[in-house]
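Annotated features, as they stand in TrEMBL:
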- 24-286: domain 'G-protein coupled receptors family 1 profile' (DOMAIN)
- 6-33: transmembrane segment (TRANSMEM)
- 45-70: transmembrane segment (TRANSMEM)
- 90-108: transmembrane segment (TRANSMEM)
- 128-148: transmembrane segment (TRANSMEM)
- 190-208: transmembrane segment (TRANSMEM)
- 236-259: transmembrane segment (TRANSMEM)
- 265-286: transmembrane segment (TRANSMEM)
């Protein structure tokens with residue numbers, strides 16, 4: 001093992017440990033709220049699904065990649081390869097969907113209170129709830145492709161008809177089949193990403209118009225502090241920005257890996273590290289803007305009182 005592989009292994013191990021601990025603490029916090037209250041806020045339910053997807057991504061991406069980075073490549077059997085790639089695909093897809101629904105939720109919440117938007121706000125809670133669960137079902141179905149194509153490599157087996165993914169292998173197909181497969185697994189993500197960007201653009205425009213109105217009001221009537229909804233919107237926009245940046249890098253790497261004859265070790269490492277950035281950073285960003293979560297998960301911050309994300 002050379003120094004580059006060791007350094008990559010240490011970085012991915014660090015991301016995995018921090019990601020698991022932070023997301024598990026935050027998930028425990030929301031489960032505690034659920035068990036001690038009659039109901040959670042709608043935004044809390046979206047965050048629960050986002051955190052669960054983060055945990056799946058960190059576990060099924062970080063742990064195998066760390067083991068492989070430290071030199072142990074063929075450590076999985078067929079069932080292990082199929083399950084790891086399937087749950088990784090599910091976690092990635094649900095993470096995209098939950099971030100998208102979070103953006104849509106906040107965009108509707110800060111929208112003008114006219115009759116059209118008021119009716120939409122009343123229906124939003126049920127619609128987003130159904131959408132979140134439907135997102136799980138869709139990505140469970142898409143990930144079932146991995147149950148067919150992914151497999152382990154045995155010591156006495158030729159790799160001529162297998163495409164290497166470092167510690168697992170996929171049955172090699174012709175380029176047309178690879179393109180069709182990439183289109184299949186990417187189409188829901190592209191739709192959700194487009195919805196996320198549209199909602200984010202709407203939020204930016206709404207915040208800009210709100211700022212313009214505040215500047216036109218007399219200074220005596222304008223508070224220097226931003227509203228909780230404004231702070232929540234900026235938090236979600238920051239989440240979306242981090243997600244889109246990491247997702248773009250990870251997607252480019254994964255598309256190249258799908259289309260390449262044999263993906264390189266460096267390409268797999270870049271894809272792994274970029275895909276673990278968002279699940280690792282996300283819980284800390286949420287805790288820093290939610291006093292309930294930060295006081296519950298980080299007792300040392302009890303004297304700090306940032307405002308919660310938003311009220312529904």
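For all residues, glycine too, the Cβ spot is worked out from N, Cα and C.
From a predicted model like this one, the values you see are computed outputs, not experimental measurements.
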Excluding the flanking five residues on each side, which residues at least 6 beyond the ends of the transmembrane segment (236-259) place their CB within less than 8 Å of a CB in that stretch?
95-96, 99, 102-103, 106, 165, 175, 178-179, 181-182, 186, 189, 193, 196-197, 200, 203-204, 267-268, 270-271, 274-275, 277-278, 281-282, 285-286, 309
Do at least three C-beta pairs under 8 angstroms join the transmembrane segment (128-148) to the transmembrane segment (45-70), pairs 6 or more apart in sequence?
yes
